[in-house]
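Participant: Quick one: structure below, then a few questions.
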């Protein structure tokens with residue numbers, strides 16, 4: 001029994017990363033099905049407000065030891081996380097949920113670059129090669145009109161706009177993951193506090209946006225149910241992410257996060273009956289393949 005428990009403790013970071021991937025794919029799918037009467041900013045506000053519940057789970061005893069730099073990292077994480085998810089919700093109003101998830105969950109290589117710049121981790125020729133192949137996968141999924149319309153008439157401007165927004169998500173969430181991992185290195189990481197700060201920043205951001213766009217409430221019981229589900233799943237997911245980054249490296253967590261695209265595509269196919277095309281399937285294969293090749297290489301080098 002002790003052996004099983006010790007083994008689970010060793011892989012707890014990976015287990016929580018997988019749980020986060022499932023929650024992320026489910027969250028994006030639900031957001032994509034919410035009626036247009038609610039804007040992405042409305043959904044983000046409800047999500048952020050729900051995150052304030054994390055205040056009841058913060059380890060207040062450890063807060064006395066946090067330095068000014070620690071708090072800057074917490075605020076940076078909250079701002080980057082809230083900004084990234086806002087762009088993700090905006091992207092879902094332009095592109096299919098599977099395509100958005102495929103790009104936004106593709107964080108391992110950007111995180112490796114940030115790890116090199118911020119955490120002094122090593123980048124090799126292998127990383128560069130995998131990065132190039134990975135970018136080709138993203139191109140297949142996003143299908144830029146400048147390439148695909150010229151040759152086969154397959155480019156979709158709305159899908160491409162969604163893809164561009166998804167790339168903003170990749171950058172901001174990679175930065176957020178790096179900030180969270182930096183807190184772990186400083187022994188100052190508290191997942192509920194990360195979630196709470198994200199909620200505070202998200203509420204402030206959306207309230208400022210509402211001065212220009214207006215605020216809307218769900219108009220029907222199904223929309224209330226979907227919105228509440230998004231909030232609850234997001235809350236749990238962000239706690240899972242904080243715990244995963246506390247016990248595992250950014251690279252491992254971000255690679256396992258890419259599993260969220262399989263969840264999103266499965267829900268898209270089963271419920272919306274929207275089957276990805278040949279280019280999307282090729283892109284998915286390249287993205288997942290390069291992510292897990294990257295993870296395998298990293299583990300072998302340890």
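Every residue gets a Cβ built from N, Cα and C, even glycine.
The domain 'EamA' feature in TrEMBL is assigned to 13-142, 161-289. Marked as transmembrane segment by TrEMBL: 12-31, 43-60, 72-94, 100-119, 126-148, 160-180, 192-212, 224-243, 250-271, 277-295.
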Participant: Residues sitting near the transmembrane segment (12-31): Cβ under 8 Å, six or more positions beyond its termini, same chain?
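Facilitator: Here the qualifying positions are 40, 43, 88-89, 92, 97, 100-101, 104-105, 226, 229-230, 233-234, 236-238, 240-241, 243-248, 252-253, 256-264, 266-268, 271.
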Participant: Let's see if you can do this one: DSSP helix, strand and coil counts over the domain 'EamA' (161-289), in that order.
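Facilitator: Per-class counts: 108 helix, 0 strand, 21 coil.
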Participant: Do you know the DSSP helix, strand and coil residue counts for the domain 'EamA' (13-142)?
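Facilitator: So the counts come to 105 helix, 0 strand, 25 coil.
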Participant: Is the transmembrane segment (250-271) packed against any residues at least 6 beyond its ends, judged by a Cβ distance under 8 Å, and which are they?
Facilitator: 13-14, 17-18, 20-22, 24-26, 28-29, 33, 96-98, 100-102, 105-108, 111-112, 114-115, 119, 174, 177-178, 181, 241, 244, 284, 287-288, 291-292, 294-295, 298
Participant: Which listed stretch (43-60, 72-94, 192-212, 224-243, 277-295) has the most C-beta pairs under 8 A with the transmembrane segment (160-180)?
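Facilitator: The listed stretch sharing the most Cβ pairs with the transmembrane segment (160-180) is 72-94.
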Participant: Cβ pairs under 8 Å only, please: of the recorded stretches 43-60, 72-94, 224-243, 277-295, which one is richest in them relative to the transmembrane segment (192-212)?
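Facilitator: Answer is 43-60, with the largest number of Cβ pairs below 8 Å.
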Participant: State the non-local partners of the transmembrane segment (224-243) in its own chain: residues 6+ outside its ends, Cβ under 8 Å from one of its Cβ atoms.
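Facilitator: For the transmembrane segment (224-243), the far contacts come to 12-13, 16-17, 19-20, 23-24, 26-27, 30-31, 33-34, 38, 43, 46-47, 49-51, 53-54, 81, 85, 180, 189-192, 194-195, 198, 218, 253.
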Participant: Six or more residues out from either end of the transmembrane segment (43-60), which same-chain residues have a Cβ under 8 Å from its Cβ atoms?
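Facilitator: For the transmembrane segment (43-60), the nonlocal Cβ contacts are 31, 34, 82, 85-86, 89, 190, 192-193, 195-196, 198-203, 205-207, 210, 215, 227-228, 230-232, 234-235, 238-239.
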